[in-house]
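Per TrEMBL, the features are:
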type	residues	note
TRANSMEM	6-21	transmembrane segment
TRANSMEM	33-52	transmembrane segment
TRANSMEM	103-126	transmembrane segment
TRANSMEM	146-165	transmembrane segment
TRANSMEM	177-201	transmembrane segment
COILED	224-251	coiled coil
TRANSMEM	378-396	transmembrane segment
TRANSMEM	425-446	transmembrane segment
TRANSMEM	523-542	transmembrane segment
REGION	576-675	region 'Disordered'
COMPBIAS	582-617	compositional bias 'Basic and acidic residues'
COMPBIAS	618-634	compositional bias 'Polar residues'
COMPBIAS	635-644	compositional bias 'Basic and acidic residues'
Amino acid sequence: MSGAALGIEIVFVFFLALFLLHRYGDFKKQHRLVIIATLLAWYLCFLIVFILPLDVSTTIYNRCKLAVNSSPAESNGSYVTLAPSKQKCFKPWSYIPNGIMPIFWRVVYWTSQFLTWILLPFMQSYARSGGFSITGKIKTALIENAIYYGTYLLIFGAFLIYVAVNPNFNLQWNQLQTIGIAAANTWGLFLLVLLLGYGLVEIPRSHWNGAKRGYLLMKTYFKAAKLMTEKADAEENLEDIMEEVRKVSESIKYNHPLRKCVDTILKKCPTEYQERMGRNMDDYEDFDERQNSYPSEKSLVKLHKQVIYSVQRHRRTQVQWQILLEQAFYLEDVAKNETSATRQFVHTFHSQEPENKIVQYFYTPTVEWYWECLLRPWFYRVLAVVLATFSVIVVWSECTFFSTKPVLSLFAVFIQLAEKTYNYIYIEMACFLTIFFLSICVYSTVFRIRVFNYYYLASHHQTDAYSLLFSGMLFCRLTPPLCLNFLGLTHMDATISHKNTQPTAYTSIMGSMRVLSFIADGFYIYYPMLVVILCIATYFSLGTRCLNLLGFQQFMGDSEMTSDLIDEGKELIRREKRKRQRQEEGENRRREWKERYGNRDDSTRNRAVHTDQKESSFTETNASRPLSKYTRSNGRTERDRIELLQDAEPLDFNADSVNDDPLESDSGRFQRGGRYLSMSRSKIFDDV
């Protein structure tokens with residue numbers, strides 16, 4: 001099993017990162033380099049989280065062997081320093097041979113740092129550029145990142161000058177490397193505490209509120225009102241941009257030097273706009289540079305960038321609106337089925353996607369009713385309590401992990417108790433659950449936050465390239481300080497535990513933070529305590545209230561604006577529901593029409609064709625008769641009339657009061673509940 005656990009986790013984490021990227025990105029439409037760079041960034045960050053528990057267990061075993069070798073008087077092999085009991089050192093099942101982990105961490109860490117500080121910022125500017133060639137996009141990306149890179153070079157140069165002038169500093173290359181790592185981790189820790197303080201409160205609270213059906217439905221109505229506003233704004237913006245594209249397309253003709261740029265812009269437009277612009281364009285008209293004023297290439301680059309942004313935003317809002325409608329319809333179905341006496345879940349609308357037969361066999365309407373109406377709320381409540389307990393332990397440990405005598409950090413207590421008995425399974429599970437919970441709190445906040453329309457991770461393949469690359473940058477900057485914080489909570493970091501023991505391979509790559517004592521003994525110790533203040537602010541929704549006061553509508557139960565948006569969203573959902581019901585009723589009527597009159601029309605058509613064949617043969621034998629052409633014409637007219645009747649559909653002038661079986665009798669065609677309006681005297685003005 002030596003190294004097998006490492007290989008299994010490497011493969012598993014790769015497919016996990018690939019699955020998440022497939023959910024948020026679009027492999028077909030987005031550039032391959034964007035997909036590869038984002039996948040590599042996510043994969044390396046997730047890999048650090050999953051591999052670090054194996055590093056901890058391997059380090060504990062190496063400490064045990066080191067203690068045995070350093071104390072030959074105790075031939076029984078007990079761990080003198082950390083485990084005074086008389087047990088021997090047992091090799092963990094996931095033991096990784098010496099020399100592998102340092103190389104592994106060095107490759108993973110420096111690759112992630114290269115991505116987050118150099119490659120991904122450059123690719124962000126490249127992806128947002130509206131250039132028409134690779135050279136133009138690279139040039140734009142270099143110009144935009146000149147200030148970004150220049151700022152860091154200026155800070156680093158000032159620091160080098162300070163070190164060179166000050167005689168108290170005698171830094172070597174290893175110490176200079178450690179200072180660079182410490183600077184990057186300090187920036188990451190600053191952002192980490194902010195995101196962690198929000199996630200520790202919001203994740204348990206969201207699961208607790210998930211058990212409240214009324215709360216979820218009201219919040220869905222609120223989201224519907226906001227999304228409709230965004231959707232209308234996206235449509236209006238797209239119309240304005242397409243109007244500019246139309247003007248440019250009509251002014252720049254086929255033989256203009258910039259026509260290739262215009263064709264590139266037209267390819268990025270939706271299909272309906274491309275067809276509309278193609279009909280209104282006359283390619284045979286030559287351009288006259290003296291009479292018309294043509295846009296420059298710089299303006300076309302700007303227009304190209306606006307087209308890419310507006311089309312992607314319009315597509316995203318359309319998809320999100322359909323997803324939100326399905327969610328609202330389902331929550332309304334759950335509210336209706338809670339009082340069902342049959343205890344079978346009934347859907348208002350059938351699923352548009354074909355369901356798996358295996359799922360249909362096991363997940364029956366009865367099972368669905370018990371899960372959605374009875375078990376799921378209690379499951380969410382229990383899960384919320386468990387997550388809240390973890391959050392309290394994390395907050396307590398963040399405030400007390402610097403205390404070594406006595407040990408107050410609960411995570412350190414758990415690890416040290418397991419270390420005495422060499423229970424490596426328990427050590428790895430405790431480490432994995434701890435760092436996994438911390439990662440969920442931080443990473444989920446990254447997926448939730450939204451910076452206007454510049455950064456927004458939208459599921460169902462609706463995330464743009466800029467947001468994907470930005471998320472990769474955040475992950476690469478947050479993961480190293482997150483792991484160091486975890487090692488500090490468990491006292492596996494010698495800087496925190498103040499013990500002269502063998503460090504983990506991950507800590508050895510980071511270097512000793514004693515080079516900068518004010519960071520090691522000050523910032524790393526006391527800054528994580530601010531998580532308490534952030535948790536309190538998140539619990540009382542101070543950030544939400546501030547955004548609401550600034551004009552950004554947020555979901556707040558005691559706000560009048562929230563109530564108005566809920567009512568507006570409820571009306572929008574009701575309108576869409578009636579629209580979909582009319583569509584399904586129309587499809588049902590078409591199906592009934594074909595089932596009821598399809599065979600009759602087929603037989604009528606066959607008889608008409610047979611009669612036409614007889615008439616044509618009769619016409620061939622009696623070609624001299626002048627009435628033969630009228631016979632053929634009448635047969636053709638009869639056949640056309642039959643085909644027209646077969647394809648005809650009755651108009652639905654009264655869609656709100658239709659009947660499922662409108663053609664039971666001849667008189668039913670003229671009843672109010674049928675497909676036509678009522679022609680009786682008593683009900684002729686009912687719809688007025």
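Every residue number used here counts from 1 along the chain in the order it is shown.
Cβ atoms are placed via backbone N, Cα and C, with glycine included.
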Contact check, the transmembrane segment (33-52) vs the transmembrane segment (425-446), 3+ Cβ pairs under 8 Å, seq sep 6+: yes
Surrounding residues of the transmembrane segment (177-201) on its own chain - C-beta under 8 Å, 6+ positions past either end: 113, 117, 156, 159, 171, 391, 394-395, 438, 440-442, 444-446, 474, 477-482, 484-485, 510-513, 515-516, 519, 523-524, 527-528, 530-531, 533-535, 537-539, 543
PLDDT averaged over the residues of the coiled coil (224-251): 93
Outside the coiled coil (224-251), six or more residues from its ends: residues with CB under 8 Å to it: 262, 265-266, 269-270, 273, 276-277, 280-281, 287, 292, 294-295, 300, 303, 306-307, 310-311, 313-314, 316-318, 320-321, 324-325, 328, 553, 565-566, 568-569, 572-573
